[in-house]
Amino acid sequence: MKFAKGHGTENDFVLLCDPPAELRLTGAGVAALCDRRRGLGADGVLRVTAAAAAAAAGVLDRLPDGVAGDDWYMDYRNADGSVAQMCGNGVRVFAHYLRASGLETRDEFVVGSLAGPRPVTVHAADATGADVSVDMGKANTLGGGGEAFEATVGGRRFAGLAVDVGNPHLACLDPELSVDELAALDVAAPVSFDAAQFPDGVNIEVLTAPAAGVVHMRVHERGVGETRSCGTGTVAAVVAALAAAGADTGTLTVRVPGGDVVVTVTDATSYLRGPSVLVAHGEISEEWWQQAQR
């Protein structure tokens, strides 16, 4: 079974090219593949397939709203094997892989996901690196009735803004938090939040106030733990940073441990632009894969 390994600002993925959606992906198999000691190691798995094939194979019960049968489909799994709706860094790496492998020749095309269609623009790409923008759709804030959202990260309590970017986020901006304090925070430790507010779990971002157009952010992803970057999380972070400044739209650079991305929020949608790197291509032992599925 062939694979590729790639990352977007060090949020890393194993890509499995499976256009007919014939590959059996179990939670146990995905978790083993993502394990950094007994597998290849990754924050998640991206199955590269077509939307119609995914629906015909039962990967999807139906095509997500707005996704056409002839669109590409990103079947994304978290490192714990759970199915995820969306991954902004993953979409960029997915689009890069399509171009680098010759499966796609256009600069602009649509990548389908459980969260719906995600139009992408490949500004530049070669076999190793790419610069990709993704139309992430409109990011919606939750709790308009004045509901308070809080989380504990690294033993510290933060208030946050709940944001839906196709998946749930709690973006916690602390105006008193310095860049050095953020760097020292134990984001990898178990987090806590109100499970009644987020029954399916939540991705939690901790961020500084913007300075010179830059927000510093770290993230604890549901089903994974701390990652070096989270694309949808950077969108949520910019929504929160703009809201704290009394704005609904704008552009900010988000600096995560894995690098920089640029997020633009408009009245109608949001855009995520950043790098993708394809690191390796190889083949997974069929015997190992069959054992890992159990």
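Glycine is treated like the rest: Cβ placed from N, Cα and C.
What Swiss-Prot records for Cys87 is active site, proton donor. The active site, proton acceptor annotation in Swiss-Prot covers Cys230. Swiss-Prot lists Asn11, Asn78, Gly88, Asn89, Asn167, Asn203, Glu221, Arg222, Gly231, Thr232 with the feature substrate binding site, giving sequence analysis as the kind of evidence.
By neighbour count, meaning other C-beta atoms within 10 Å, the densest spot among the binding-site residues Asn11, Asn167 is Asn11. In the three-state DSSP scheme, Asn11 (substrate binding site) falls into the strand class. Apart from Asn11, Asn78, Gly88, Asn89, Asn167, Asn203, Glu221, Arg222, Gly231, Thr232, the residues listed for substrate, the same chain places the Cβ atoms of Ala84, Met86, Cys87, Gly90, Val219, Val224, Thr227, Cys230, Gly233 within 8 Å of the centroid of those Cβ atoms.
Sequence-distant neighbours of Glu221 (substrate binding site): residues of the same chain at least 6 apart with a C-beta under 8 Å from its C-beta are Asp43, Asn78, Asn203, Thr227, Cys230, Gly233. You'll find the Cα of Gly231 (substrate binding site) roughly 6 Å from the Cα of the residue listed as 'active site, proton donor'.
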